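Peer 1: Dropping a structure here in structure tokens format, bear with me for questions.
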Number of protein chains: 2
Amino acid sequence: MTDRIMNFLRDTRPEGPCLVVDLEVVRENYIRFAKAMPDSRIFYAVKANPAPEILSLLAGLGSNFDCASVQEIDMALAAGATPDRISFGNTIKKERDVAAAHARGVTMYAVDCEAEVDKIARSAPGARVYCRILCDGDGAEWALSRKFGCEPAMAIDVLDHAHRSGLVAYGVSFHVGSQQKNPRAWDQALASSAEIFRTLSYRGIELKMVNLGGGFATRYLEDIPEEGEYGHEINESIRAHFGNRIPETIIEPGRGMVGNAGVIKTEVILVSQKAQDDIRWVYLDIGKFNGLAETMDEAIRYPITSSRGGDATPCILAGPTCDSVDVMYEKKPYPLPVSLEIGDELFIGGTGAYTTTYSAIAFNGFPPLASYVI
Amino acid sequence: MTDRIMNFLRDTRPEGPCLVVDLEVVRENYIRFAKAMPDSRIFYAVKANPAPEILSLLAGLGSNFDCASVQEIDMALAAGATPDRISFGNTIKKERDVAAAHARGVTMYAVDCEAEVDKIARSAPGARVYCRILCDGDGAEWALSRKFGCEPAMAIDVLDHAHRSGLVAYGVSFHVGSQQKNPRAWDQALASSAEIFRTLSYRGIELKMVNLGGGFATRYLEDIPEEGEYGHEINESIRAHFGNRIPETIIEPGRGMVGNAGVIKTEVILVSQKAQDDIRWVYLDIGKFNGLAETMDEAIRYPITSSRGGDATPCILAGPTCDSVDVMYEKKPYPLPVSLEIGDELFIGGTGAYTTTYSAIAFNGFPPLASYVI
């Protein structure tokens with residue numbers, strides 16, 4: 001909670017639950033990433049929070065943009081990014097969306113199979129493609145499935161196919177898992193990447209780039225490594241695996257860029273028990289369907305503060321909808337002040353990323369999460 | 001898939017994923033419920049699908065409405081329902097929302113604790129309240145948590161408190177779990193309800209109503225009981241537990257009213273493998289974040305058809321976003337035609353309920369699920 005956010009909430013007193021993002025924190029995050037990894041270009045993952053004010057700030061600071069859809073490409077362009085600063089990073093694209101991106105001047109695309117290469121060869125001829133490889137997400141709070149990427153052995157064929165299809169076989173990407181707290185997690189994927197570079201080089205195809213993805217943790221409840229530590233470990237791994245043929249690198253921070261810049265203000269609607277002497281249930285005006293989707297399986301545990309002091313007691317924390325799955329913390333109840341009352345405000349930190357856009361359009365008739373960027 | 005939906009999709013060819021709801025099926029469902037449970041009033045659970053055309057049809061047929069928020073109350077009123085046909089069925093309400101409902105003439109409210117009774121006594125004086133009791137959801141595909149309701153012993157105190165606060169202690173409600181396939185699931189909750197009626201009657205408080213909730217299954221992949229069977233079993237239980245003092249009953253079908261009336265049209269964006277001879281991944285332009293939220297934990301398995309014939313092979317089915325959890329069926333892969341190709345259309349049945357409103361407002365830049373009611 002920054003002073004700017006506190007002052008905004010005090011002066012504006014917005015009705016209903018809302019996210020407030022402090023652009024000064026986003027600016028500091030950008031500068032920290034740039035310092036920690038001076039040899040990498042930064043591609044902000046727009047999906048984390050596409051608020052126009054955030055995109056404009058980052059465009060002005062020199063950021064590039066990782067976009068998941070044509071709509072996100074248009075948002076990045078509207079914020080002042082030029083097409084050469086945009087990567088269409090979704091490996092799952094309709095061919096007409098590839099054509100739309102191509103028409104807007106976008107020249108870099110993610111792939112993870114030959115069928116996707118074929119779409120790009122037809123609809124964005126001459127483009128650069130990078131192939132995403134599978135990577136195990138050990139150490140991440142939000143481990144990735146096998147949804148994106150292929151086995152490294154197959155990536156060689158995919159990039160070879162791209163080359164033979166008239167595209168620029170440009171590099172390799174991977175993602176070590178969101179909210180990754182182990183800086184050494186990048187090492188194994190970098191070893192696989194270097195092997196792909198070498199194999200294709202024997203075939204006369206010189207890859208140029210490694211996309212290190214995202215996964216840079218924001219601060220929730222537990223201490224996380226500083227950006228400088230990520231940079232150090234990653235550079236060590238790159239030198240170890242690539243020797244003196246250091247590739248271009250890019251990073252795609254999303255949560256790490258905006259997560260700690262945002263605070264959600266919420267109101268306690270009800271405090272109750274199911275039976276005498278039973279655990280307390282605390283119901284908020286925000287839940288899984290209007291901003292806190294990432295509490296799914298209690299994966300992410302946000303820091304929550306209130307103006308109440310005194311002893312705390314474990315509570316089950318739930319959202320306002322008539323949906324029984326709209327419960328944030330139940331398996332591991334959340335300690336909240338005993339003195340907490342209906343009508344109190346709570347502040348949920350670390351919520352600048354993956355909250356507003358996940359919000360349901362009208363579930364139970366409730367509006368999506370309001371957002372203020374200051 | 002009804003002929004009307006098929007003709008609509010053939011003639012209109014809407015771009016992008018969309019839900020099409022056939023009002024004729026909704027009408028038939030309403031009539032079936034009314035016939036199966038002629039002694040119960042029907043309160044349609046608006047949250048299942050609040051499309052204005054659906055609400056207007058049901059209002060015209062004589063339905064009442066179970067609303068989760070003031071916004072849903074306004075939608076029901078706009079559709080032609082009078083306030084006496086509306087129940088504010090969410091046990092978690094801001095007091096200012098209770099006041100707003102009261103101002104609109106709504107006189108029936110759900111509660112499950114004394115603090116909620118206090119809000120209603122202050123802001124909707126004289127209203128009728130019913131207390132929700134906990135009920136184990138065995139037999140439901142989407143088992144309910146303990147989020148709503150209190151232990152039956154506490155419900156007696158809550159209703160007594162309502163009576164002493166100047167409210168009308170009106171009845172008891174419970175919910176046997178969504179998509180409940182065991183018609184006998186209502187029996188135990190009815191036994192608890194009858195016990196609450198008797199205990200309060202000794203204290204001079206005469207409850208009048210049992211709200212049997214929802215849970216009436218729609219047809220997904222497995223056979224489910226017909227509405228008539230539900231009615232028969234429930235009536236048997238009511239007679240067994242209430243003897244000759246049969247209470248008023250209401251039911252709150254949501255999924256059972258609209259689920260089988262809707263079909264989602266989606267397009268195959270990509271078919272790929274992660275390695276040679278590996279299982280096929282099929283990526284659609286719809287996923288967990290733009291309509292299929294209820295595939296969470298693979299809880300609901302929708303019937304999916306395509307125009308392709310021939311052999312089928314198990315596939316992992318995933319959505320279009322850059323989110324690794326956006327995978328619908330993976331633990332239990334889904335059989336789809338071997339001949340399936342990029343660009344093919346698929347039709348996902350049983351999707352009239354809990355799809356459009358769960359849709360994220362803009363995740364990855366993708367728009368919420370489009371909806372056509374015909």
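Glycine is treated like the rest: Cβ placed from N, Cα and C.
Whatever TrEMBL says is automated annotation, not expert-curated.
Copied straight from TrEMBL:
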type	residues	note
ACT_SITE	A:CYS322	active site, proton donor
DOMAIN	A:25-258	domain 'Orn/DAP/Arg decarboxylase 2 N-terminal'
MOD_RES	A:LYS47	N6-(pyridoxal phosphate)lysine
Peer 1: According to DSSP, which of helix, strand or coil covers A:CYS322 (active site, proton donor)?
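Peer 2: SS state of A:CYS322 (active site, proton donor) = coil.
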Peer 1: Cβ-Cβ under 8 Å from A:CYS322 (active site, proton donor), same chain, 6 or more residues apart: which ones?
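Peer 2: Non-local contacts for A:CYS322 (active site, proton donor): A:ASN364.
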Peer 1: I'd like the Cβ neighbour count for the residue listed as 'N6-(pyridoxal phosphate)lysine', meaning other Cβ atoms within 10 Å of its Cβ, all protein chains included.
Peer 2: 28
Peer 1: By the DSSP assignment reduced to helix, strand and coil, which category contains the residue listed as 'N6-(pyridoxal phosphate)lysine'?
Peer 2: helix
